[in-house]
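Here's what TrEMBL has on this protein:
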- GLU83: active site, proton donor (ACT_SITE)
- ASP230: active site (ACT_SITE)
- GLU324: active site, proton donor (ACT_SITE)
- GLU342: active site (ACT_SITE)
- THR428: Ca(2+) binding site (BINDING)
- 757-771: compositional bias 'Basic and acidic residues' (COMPBIAS)
- 823-854: compositional bias 'Low complexity' (COMPBIAS)
- 625-712: domain 'PA' (DOMAIN)
- 756-864: region 'Disordered' (REGION)
Amino acid sequence: FCSQQEHAYPADELMPLTCRGRVRGQEPSRGDVDDALGKFSLTLIDTLDTLVVLNKTKEFEEAVKKVIKDVNLDNDIVVSVFETNIRVLGGLLGGHSVAIMLKEKGEFMQWYNGELLHMAKELGYKLLPAFNTTSGLPYPRVNLKFGVRHPEARTGTETDTCTACAGTLILEFAALSRFTGTSIFEEYARKALDFIWEKRQRSSNLVGVTINIHTGDWVRKDSGVGAGIDSYYEYLLKAYVLLGDDSFLERFNTHYDAIMRYISQPPLLLDVHIHKPMLNARTWMDSLLAFFPGLQVLKGDIRPAIETHEMLYQVIKKHNFLPEAFTTDFRVHWAQHPLRPEFAESTYFLYKATGDPYYLEVGKTLIENLNKYARVPCGFAAMKDVRTGSHEDRMDSFFLAEMFKYLYLLFADKEDMIFDIEDYIFTTEAHLLPLWLSTTNQTISKKNTSTEYTELDDSNFDWTCPNTQILFPNDPMFAQSIREPLKNVVDKSCPRGISRAEESLGSGPKPPLRARDFMASNPEHLEILKKMGVSLIHLKDGRVQLVQHAVQAASSLDAEDGLRFMQEMIELSSQQQKEQQLPPRAVQIVSHPFFGRVVLTAGPAQFGMDLSKHKAGTRGFVATIKPYNGCSEITNPEAVKEKIALMQRGQCMFAEKARNIQKAGAIGGIVIDDNEGSSSDTAPLFQMAGDGKNTDDITIPMLFLFNKEGNIILDAIREYEAVEVLLSDKAKDRATIFKGKMIPNYIIDSNLEMENTDQKSSENDSHKPNSEEAPSESQDAGAVSEEPEGGGESSAVGDPDPLSPASTDSASAPVADGDPHVPGSAEAGAAEPACTPGDSQPQEQNTQTESSSQAHWDSKVQPMESILADWNEDIEAFEMMEKDEL
């Protein structure tokens with residue numbers, strides 16, 4: 001928090017790699033992710049009640065004064081209604097809740113007069129224009145100054161929103177109404193929830209991911225407990241707890257029964273189709289579902305919570321963090337990890353329910369991994385790729401709002417708290433709302449008498465909150481007995497669950513057409529595709545794209561055949577690319593003051609040393625060559641010998657550059673992009689190809705850095721002169737890098753302070769992910785070789801983004817034509833089996849690049865000496881701490 005305030009305030013978020021604030025409009029657009037930023041000091045507001053939980057009352061008091069004095073909510077900026085509600089409105093209400101609690105205690109906040117609540121009410125009114133729809137569902141975005149339909153609003157044309165976006169409002173809006181006595185906020189949130197409930201699929205009692213805000217039609221008809229739906233279920237149960245309205249509990253129980261019937265396939269939670277819930281909609285899971293075991297604990301259904309949590313923990317032990325998405329056989333699907341807190345949240349609730357010290361060990365692992373792999377000098381950096389350990393210049397506000405809070409509470413004893421946490425309920429952003437709101441300003445009728453609820457014959461509802469039964473009667477080993485069968489589910493067994501579709505396939509008729517047999521020139525095949533609802537689209541570049549619309553199929557069975565065909569086609573094209581794609585590599589700065597904490601994503605080369613076969617990597621000091629383009633004989637060989645050469649892209653082929661620096665005695669090479677502002681954050685992975693000749697004579701490793709990442713090394717050279725890096729297939733543990741030398745190693749103690757220990761790090765098997773071979777963050781590993789003139793390149797990139805057929809209603813996959821050596825399309829994010837290191841499959845491809853302004857440490861970033869001074873103060877302050885204390 002102090003680092004965020006020092007380097008980023010008043011910006012919304014901290015950029016921990018470049019030690020500066022993220023200001024919307026001044027950084028390359030990240031798409032919808034940036035809708036959370038509203039130039040309202042997001043991280044400061046989101047962290048208010050965390051400070052009180054951590055017993056930082058003086059810091060809290062100063063932070064509240066800053067919010068009151070500096071934050072402006074009347075900005076001409078378009079923000080997400082969902083994110084602004086849970087982070088900013090929730091943060092203001094949580095801050096107000098703990099402020100009045102501290103004031104009542106008589107020591108702190110005696111001057112406080114409800115200023116945060118006044119700001120919350122102002123923000124609430126600014127969000128209300130989004131609800132101006134016939135359905136009552138809010139628009140997904142709103143302009144804080146001009147609302148929705150105003151000519152200057154730049155929003156209001158959207159037609160769809162996600163279920164969670166519209167269904168995760170009731171806690172904050174109802175709390176605002178109860179605090180202020182203004183009922184309109186709770187009324188609007190209830191109306192949105194009522195509409196979603198009425199639009200549920202009646203035969204399955206499930207809801208889809210995306211809904212039309214005007215008509216109520218489901219746009220995406222797949223259903224799960226992860227992204228797009230997750231907190232809708234959470235708020236139904238928590239609204240019952242906070243508001244005491246039985247109708248919310250009855251709705252939740254109805255949905256929960258459907259989830260356990262169709263989506264829960266222990267220990268997995270797989271999306272299904274709301275109209276055909278026996279048919280899986282996809283073969284992968286996203287990391288947001290990690291909250292669900294915690295919700296099951298709140299409900300009282302402990303066994304499946306333990307099972308799913310243990311499965312997720314095994315995935316974490318393999319990759320150090322939970323990938324954004326992973327397949328049913330535990331391969332990485334999307335490799336990013338933005339330091340999400342959902343797993344820590346479920347760990348906390350399971351420990352509270354069971355008292356099992358096993359979950360303290362889980363929490364200890366989370367803390368160690370954060371400090372070992374995500375800690376950087378200015379904070380904690382999101383993981384760009386959990387397989388390589390590369391970082392992203394990003395630290396979302398929820399990291400301080402939720403992750404720190406749950407980890408502290410996991411280890412805190414009751415006497416460590418200055419208030420009783422049991423008197424509050426957590427919002428989905430972990431903000432604290434007092435339970436006494438249930439009896440305050442009740443202006444809304446509790447019971448929705450117009451809705452009938454299904455009578456459910458489910459003994460599991462005996463456990464519904466409040467839970468008066470003993471969870472583990474006379475059996476302290478109960479939880480362990482549930483976990484034990486799942487211990488090896490990832491690393492050894494690598495099971496692949498048979499989908500219901502596959503089960504029916506084994507006993508039913510064979511599909512009319514298999515992907516491996518398909519020929520676009522065969523009229524019979526085209527007729528079969530038409531029957532299955534699959535059509536062909538001829539693209540401008542001569543390729544053909546397959547698209548499936550279930551409603552166009554001759555029958556429901558034909559639609560299911562079409563879905564299987566699409567899935568087969570995507571898997572087949574992935575296999576075709578497998579051997580032609582190389583994974584991203586890592587450039588790790590290991591010299592002072594970085595000590596291996598800064599990891600840069602690097603593009604591989606199709607020639608030279610294969611770093612995946614040389615696990616130790618290549619380590620050396622860097623040196624800039626002359627001429628900088630490396631296209632002729634090196635004129636400063638004495639400066640390059642036994643070092644890693646830095647050179648600029650362009651004017652000749654990559655292989656020629658490699659031969660020139662190898663002749664000069666270099667032990668490796670880094671090519672830096674000459675495209676000003678290019679970055680691995682926004683550009684697809686770049687892969688350097690050879691020159692069409694035999695490149696066996698090149699024996700040194702060659703890696704490619706985009707302009708932004710390359711400038712980090714160049715700026716470090718200007719600052720420190722001697723900069724040492726490690727070229728490897730993935731980031732190394734610092735204990736491996738420094739071979740047992742004593743280096744600073746920060747950990748989080750039970751008060752979540754940063755401590756310094758001199759203990760030697762040791763590599764744990766659970767911290768060694770296999771060499772997953774898919775590029776991260778929807779990257780395209782297109783092989784590119786430079787042309788002799790002008791530094792041009794010819795790309796062997798395959799087809800455009802294939803869409804994984806997540807729904808029988810609409811699915812598409814491109815089909816490559818022409819040269820069989822050109823990669824075809826791939827399933828979004830497919831990767832190699834967890835038990836087979838070395839395999840690779842490409843991920844969903846992102847072909848759009850955006851320019852970003854060059855980051856100069858000497859102009860935009862605080863001087864490195866100041867950063868180091870702060871760092872050394874931390875080291876000295878905690879030098880005497882016990883090295884094993886959490």
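FYI, residue positions are counted from 1 along the chain as it appears here.
For all residues, glycine too, the Cβ spot is worked out from N, Cα and C.
Annotated features, which come from TrEMBL, shown on the structure.
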residue: GLU83; record: active site, proton donor; Cβ within 10 Å: 23
residue: ASP230; record: active site; Cβ within 10 Å: 25
residue: GLU324; record: active site, proton donor; Cβ within 10 Å: 23
residue: GLU342; record: active site; Cβ within 10 Å: 24
residue: THR428; record: Ca(2+) binding site; Cβ within 10 Å: 25
Here's one to test understanding: among the recorded positions GLU83, ASP230, GLU342, THR428, whose C-alpha is closest in space to the C-alpha of GLU324 (active site, proton donor)? GLU342
Taking the Cα atoms as reference points, how far is GLU342 (active site) from the residue listed as 'Ca(2+) binding site' in Å? 9
Measuring Cα to Cα, how many angstrom lie between the residue listed as 'Ca(2+) binding site' and GLU83 (active site, proton donor)? 11
Residue pair GLU83 (active site, proton donor), ASP230 (active site) - Cα distance, angstrom, rounded: 14
Using DSSP, tally how many residues of the domain 'PA' (625-712) sit in helix, strand and coil. 20 helix, 17 strand, 51 coil
